[in-house]
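Sequence annotations record features per position, and here TrEMBL assigns L-glutamate binding site to Ser8, Arg41. For Ala75, Thr76, Trp101, Thr149, Asp168, Gln191, Asn233, Thr234, the entry in TrEMBL reads pyridoxal 5'-phosphate binding site. Here TrEMBL flags 5-345 as domain 'Aminotransferase class V'. Summarising the annotation, TrEMBL assigns N6-(pyridoxal phosphate)lysine to Lys192.
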Amino acid sequence: MKLHNFNSGPSILPQPVLEAASRAILDFNGTGLSILEIGHRTAWFQEILNEAISSVKTLMQLGDDHEVLFLHGGATTQFMQVPMNLLDENAMAAYCDNGIWGNKAHKEAALFGKVQVVSDTSDRKHSYIQKDFAIPSDASYLHITTNNTVEGTQWHQFPQTAVPLVADMSSDIFCRPMDFNKFALIYAGAQKNMGAAGVNMTVIRKDVLGKVSRKIPAIMDYSKHIAAGSLMNTPPVFAVYVSMLTLRWILNEGGLPEMEKRNRAKADLFYNTLDSLQEVYQPVVAKEDRSWMNAIFFLQKPSLEESFLNLCKQEGMIGVKGYRTVGGVRISMYNALPLESVQTFCDLMRHFASKNG
Ligand code: PMP
């Protein structure tokens, strides 16, 4: 049976990426060595890293002010690394708390300096993005989570602010073109639209560095990583390789305009179906803030949830159960998910509704 992979992360990767990665495990580019066996200071790995960095720069249309790093750990490491490098002890950073991940990010930041939560959408279970909040001009930066993986919301317009804008883009990186140059710092765990788990990409505008007085451990210091070209110590070679392959795939497919076209088509198909079946399914996210990547909904009759999820399982739909603390249903529609999978899921929703309406 064909499986439809709606996992929220690690999640579906493009088939050509999986094929190239599996070939490289046995023999990397005809070298007779596995990608798992090559040294990180070889010309081979340097080429991989160079291609990954230049692909990111091309996709994001970054100028020379920005540096691209591939660092250890997931986005959670960045929750601490960002304030360690950007927030002085007596200074203040502004954070938007639009869900589980933004909440974790500001709690980590509070270990390093003062934090002001300038937008908190918990009053409506984070089902919307607040747009009209004030940003103090003395904030060292404003932190947002561009896509709330668990709550199913996404920023479709970004706040206008004079303070440096920092974004966790873990779950919607490269889903569409945007003005990446307006961000002072962007980070993203790789395991959704970018590659294999174990590495994160961080893009930094250099002028925000060197402004804190604390001593930063070398492995946490962005400036030292920039100086070492992401090779301060052994990087997660295979995860960087898979990210490079995925970036190459995005470029070959037509870049971010093409990703946007596909993602918009999938999101339109899904949300139109959801809206047309409201006697059985309950949409919860404000229409203008709906995520193209992670769509959540509930069954109008909670007692039907289990049988809906069982039917999904029977039909080969993987990863459709809502986040453990939220419940309901969530489907993730990352770049590599074909429209056909969303179509199959919508057909199942319609079928289930006709039996249970
Ligand atoms: N931020 C966002 C938006 C996420 O979706 C996730 C993971 N799903 C994280 C942070 C945490 O990432 P990691 O598990 O890679 O640390």
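Just so you know, glycine gets a Cβ as well, placed from its N, Cα and C.
Here the features listed in TrEMBL are placed on the structure.
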residue	record	Cβ neighbours (10 Å)
Ser8	L-glutamate binding site	21
Arg41	L-glutamate binding site	10
Ala75	pyridoxal 5'-phosphate binding site	25
Thr76	pyridoxal 5'-phosphate binding site	16
Trp101	pyridoxal 5'-phosphate binding site	21
Thr149	pyridoxal 5'-phosphate binding site	26
Gln191	pyridoxal 5'-phosphate binding site	26
Lys192	N6-(pyridoxal phosphate)lysine	31
Asn233	pyridoxal 5'-phosphate binding site	10
Thr234	pyridoxal 5'-phosphate binding site	10
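Checked against ligand 1, the binding-site residues Thr76, Trp101, Thr149, Asp168, Thr234 give Thr76, Trp101, Thr149, Asp168 in sequence order as having a Cβ less than 6 Å away from one of its atoms. Among the binding-site residues listed (Trp101, Thr149, Asp168), Thr149 has its Cα nearest to the Cα of Ser8 (L-glutamate binding site). Between the CA atoms of Gln191 (pyridoxal 5'-phosphate binding site) and Arg41 (L-glutamate binding site) there is a gap of 24 Å, rounded to the nearest whole number. With a cut-off of 8 Å between CB atoms and residues at least 6 apart in sequence, the same chain places Ala75, Gln78, Trp101, Gly102, Ala105, His143, Ile144, Thr145, Thr146, Tyr187, Ala188 near Asp168 (pyridoxal 5'-phosphate binding site), listed in sequence order. Arg41 (L-glutamate binding site) has its Cα within 10 Å of the Cα of these binding-site residues: Thr234, taken from Thr76, Thr149, Thr234.
If you measure from the Cα atom of Thr76 (pyridoxal 5'-phosphate binding site) to that of the residue listed as 'N6-(pyridoxal phosphate)lysine', you get 14 Å.
Mean pLDDT for the domain 'Aminotransferase class V' (5-345) in the predicted structure: 97. Between Thr149 (pyridoxal 5'-phosphate binding site) and Lys192 (N6-(pyridoxal phosphate)lysine), the C-alpha separation comes to 10 Å. For the recorded site, Trp101 (pyridoxal 5'-phosphate binding site), the DSSP three-state label reads helix. Each residue contributes its Cα atom, and for Asn233 (pyridoxal 5'-phosphate binding site) and the residue listed as 'N6-(pyridoxal phosphate)lysine' those atoms are 25 Å apart.
Geometry remark: the residue listed as 'N6-(pyridoxal phosphate)lysine' versus Thr234 (pyridoxal 5'-phosphate binding site), CA distance 23 Å.
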